[in-house]
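A.B. asks: Below is one structure. I have some questions about it.
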Amino acid sequence: MTEMPTFPVASTLLTESRWKSEPLLHSSMRQKTLDVVHELAERLQEREKVQEALLKGSTQKAPSLAWGLSGISLTAYTLFSIFQESQWLELAHRYFSQAVACTRHEPLSSSGLCDGTAGLAFTISTLCDVEPRYARTVQRVQEKLLLQVQERTWKRDTFGVAEADYDIVRGAAGILAYLVSVPNPSEQLSEIITKLLEYLIWLAEPSDLPRWSITPPFFTADPSTYRDTFAQGYINCGYAHGIAGPLTALSLAWAAGFRRPGQQEAMNHLAQWLLAYHCRDTWGMNWPVALPLSEVSAFDPGSIEKPARAAWCYGAPGIARALWLTGIALEDNHLQTFARDAMDTVLHRPPSHRFISAPILCHGISGLLLLGSCFVAEGATLSQTQALLQLTQHLLDTFQPELPFAYQNIDRDGNTYDDPSLLTGMSGILLTLLTVATGQFPSWARAFLIV
């Protein structure tokens, strides 16, 4: 078969041309939301406090996009892009300089988008849009990323993979999503894009048990618990770590003009797999967190006692986004309709049945609000848009000025902690509120494969 060529990347992200730049909020709520945005933004000026909070976690994550200084830099840059106030651009530079300094002490070992070199590259590429002096830095970071991707083992000889091989956070999906957003990529970048595309196409090839199955040798989270629950292995059904991430990455690449033999078939297969393995409860459709390999061939939608929470990382919102973006890329109206209905189902659920309490982007209210508002801005007719206003009001009502970062993350055990980061902290809340208040296209959200 003659290889299909790759083409220069599109100048806009997949849904940018569909975006209606209209604030979701009415005037009084919009002003209250912008007031909170400014309050949160001012807390980013306290650089020592922010850096101290970030360093309480893993020092390896300190320069990262999702949990570290690169994400804070991207937040400050986004404030500059909206308000055109030079203080935010200067702050973005300072935070990025801190991120680079961290890598000198402890080089990034991961190539991932959320936790590694791809995230650093994403941020500096964004800054370079207004500061051409960063061009050499972009080149150096991209060169490191290329080397890391080349040195990684992608196709495994044995059955089973690790989530970090393919997912949004650390794997091929996140890296690919960044690379296909680079304007006029070099020959070397294009070769790496092709390498990642071919890996994800291979991963998606139909088989008795999916190639993206997680088997016991590759368990990473609490192996003892996983072995009790998933003795033979499992399939992750989430967005952050499941196969929906690769589906979105393939779709973003397709829309950007990077197309390989078998890619469209892979996209269709993964989309149909997600449609086939959704479940339903009183409120409508959802997805399980994971499926034991022993149940894949005899899946019973009614056997899922507790579907996933309604979040970006797991559950219907993230999966709906993957299906929506794929539907747009392939011009598939059925997928778009299914995705819209899935998002409507989430918004129709009573808050107590969404199983989210944290205000953050990853597994919380901001993530659901951002995803829902993206659907609306891109022309999806949702019957439950009032729920988006209620989510916004909830964030306004739970603003606590006495806290270091005005909001706290809540973990699965109910513990709260202060966090200024993009994925699990204040910065993600800030940018979500900024998006719904201004209606501006959230190009920053490519960091989590939302646009």
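Start at 1 and count along the chain as shown; that gives each residue its number.
Cβ coordinates are placed from backbone N, Cα and C, and glycine is handled just like the others.
Source: prediction; values computed, not measured.
The Zn(2+) binding site feature in TrEMBL is assigned to Cys313, Cys362, His363.
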A.B. asks: So if I draw a 10 Å sphere around the Cβ of His363 (Zn(2+) binding site), how many other Cβ atoms end up inside it?
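C.D. replies: Excluding its own Cβ, His363 (Zn(2+) binding site) sees 28 Cβ atoms within 10 Å.
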A.B. asks: Let's check the environment of Cys313 (Zn(2+) binding site): how many other CB atoms sit within 10 Å of its CB?
C.D. replies: 24
A.B. asks: In sequence order, what residues of the same chain, 6+ apart, have a Cβ less than 8 Å from the Cβ of Cys362 (Zn(2+) binding site)?
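C.D. replies: Ala240, Ala311, Trp312, Cys313, Leu423, Thr424, Gly428 - these are the non-local Cβ neighbours of Cys362 (Zn(2+) binding site), listed in sequence order.
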A.B. asks: Within 8 Å of the Cβ centre of Cys313, Cys362, His363, which other residues of the chain have their Cβ, at the recorded Zn(2+) site?
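C.D. replies: Here the nearby residues are Ala240, Ala311, Trp312, Tyr314, Ile360, Leu361, Gly364, Gly367, Leu423, Thr424.
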